[in-house]
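Per TrEMBL, transmembrane segment is recorded for 12-32, 44-68, 95-119, 152-171, 183-203, 223-246, 258-281, 310-330, 350-372, 384-407, 427-450.
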Amino acid sequence: MQRTTSIHGRWSHRWVFILAALGSSVGLGNIWKFPYITGENGGGTFVLIYLLCVVLIGLPLMMAEVLIGRRGRLSPVNAIALCARETSVSPRWQLLGWLGMLTGFLIFSFYSVVAAWILHYIPAMAKGVLAGAGIQQTSRYFEALLVSPERLILGHSAFVGVVMTVLALGVRRGLDRAVRIMMPALFFLLLLLLIYAANTGYFKHALVYLFHFDLEKVTPQSVLVAMGHAFFTLSLGMGAIMMYSAYMGRRDSIGRSVLWIGLLDTLIALMIGLAIFPIVFASQLDPASGPGLVFITLPVAFAQMPAGQVLGFVFFILVGLTALTSAISLMEPVTAWTVERFKVMRWQAALIWGVLAWLLGLAVLVSFETMSSLRFFSRNLFDWLNYFTSNLFLPLGGLGLAIFVGWKLSRRVTESELHLQQTWLYLAWYFAIRYLVPAALGIIFVANLYNII
Ligand code: PHE
Ligand code: NA
């Protein structure tokens, strides 16, 4: 009675699922957020807390998402409903699928704006527009870019266009092929950057910075940030991983796949840190320079280093690739759901959502221009979207999913679907999904809610 393949298709290999989920999880969170929040929260201490959160909260929640997706084999809304029906639980839980689709769509709309910045920086780096620039010039450059939507609209459109084309082509010809090409390219570029960073003479500083543990730097705030990031970076809480799991093979081990995804996402985050910080240190810049790290601080380093032009070019292509593979996963649930619900062709679903996402992204682009002050992270549409999705919707979605899987689904279903070799492993997971994950996400949600009021 259980389906072995989704109506949308299936990954060509067990590893393609892992690559695709990794493509979703390795994103701006790893390359843009992780380095600067590490910088702001005291380096190594923060990294250690973050690692604990990945293991204790991230992985159990990811297993929960994967098990629903694979059992349901449909978009989150329908996969949740199917699992609910199976255990005679109210199908209302599919609201979580709706929340997830909304969240994905909203995240996408500002992801594509960041992607437009990136697409602007790629040729700018190659041409050496910022050669020899100091921090004043690069911040002025970035601020000027923020308020010139006309210079970004092409990049924004191109990004939406590429994502929607991949989605329109479907699971096998689109997503499967895209991650098989893009993920190896991403690894390769990252390796190049690392080799360069290792030769700056500041690699050791970066190592110390990233791994030095100092108990005094542990604050409640940094624990909160670490918990929040652990599951944002793994793309949890909105059904992206759940959706990709629908295309997974029946026999593939959920535990092992999730372990790989968590391990590689973390490894890549650390590698990016080890690629970025030596470059920052070598140019005597501040590692704790906040959200501007990638667009303001690093360009200064690129402007001054030997071969910096090439380096900057490679770096921004890398950032662009990570944004692209994440963006695909943000829009796949809503695309697949539209196909299921309205029985339309995939390209039609992709086209409709592409147009809508393009319009919202445009509003975000323009919102920077009408800002009263040039301080780019004061609150405009971009900030609100970012804040609501990452800090409220995702934790809420994750919380709901944990309760649904831990408290509502029968143990028979979760146990047989996870199919773990050792009973104690199952019990550990069960404990985490019932208590640890809801507690952590509940705290994050309440704390973030409290922060805005
Ligand atoms: N995991 C992505 C990142 O680290 C962000 C993301 C969240 C992508 C949710 C898809 C879904 O940037
Ligand atoms: Na990530």
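Even glycines carry a Cβ here, placed using N, Cα and C.
Annotations in TrEMBL come from automatic prediction, not curation.
Counting residues 6+ beyond its ends, the transmembrane segment (152-171) has Cβ neighbours under 8 Å at 6, 8-11, 108, 112-113, 115-120, 145, 177-178, 247, 323-324, 327-328, 331-332, 335, 346-347, 349-351, 353-354, 357-358, 361-362, 365 in the same chain.
The transmembrane segment (310-330) makes no contact with the transmembrane segment (44-68): fewer than 3 of their CB pairs lie within 8 A, with pairs spaced 6 or more apart in sequence. Packing against the transmembrane segment (427-450) from elsewhere in the chain are residues 53, 56-57, 60-61, 63-64, 224, 227-228, 231, 237, 391-392, 395-396, 398-399, 402-403, 405-407, 411, 414, 418, 420: each is 6 or more residues past its ends and has a CB under 8 Å from a CB in it. Between the transmembrane segment (384-407) and the stretches 12-32, 95-119, 223-246, 258-281, it is 95-119 that has the most C-beta pairs under 8 angstroms. Looking at which of 12-32, 95-119, 223-246, 258-281 has the most CB pairs under 8 Å to the transmembrane segment (44-68), the answer is the stretch 223-246. Same-chain residues lying 6 or more positions outside the transmembrane segment (95-119) and placing a CB less than 8 Å from one of its CB atoms are 27-28, 32, 75-81, 142, 145-146, 152-156, 158-160, 163, 237-240, 242, 295, 316, 319-320, 323-324, 326-327, 329-331, 333-334, 337, 353, 356-358, 360-361, 363-365, 382, 385-386, 388-390, 393-394, 396-397, 400-401, 404.
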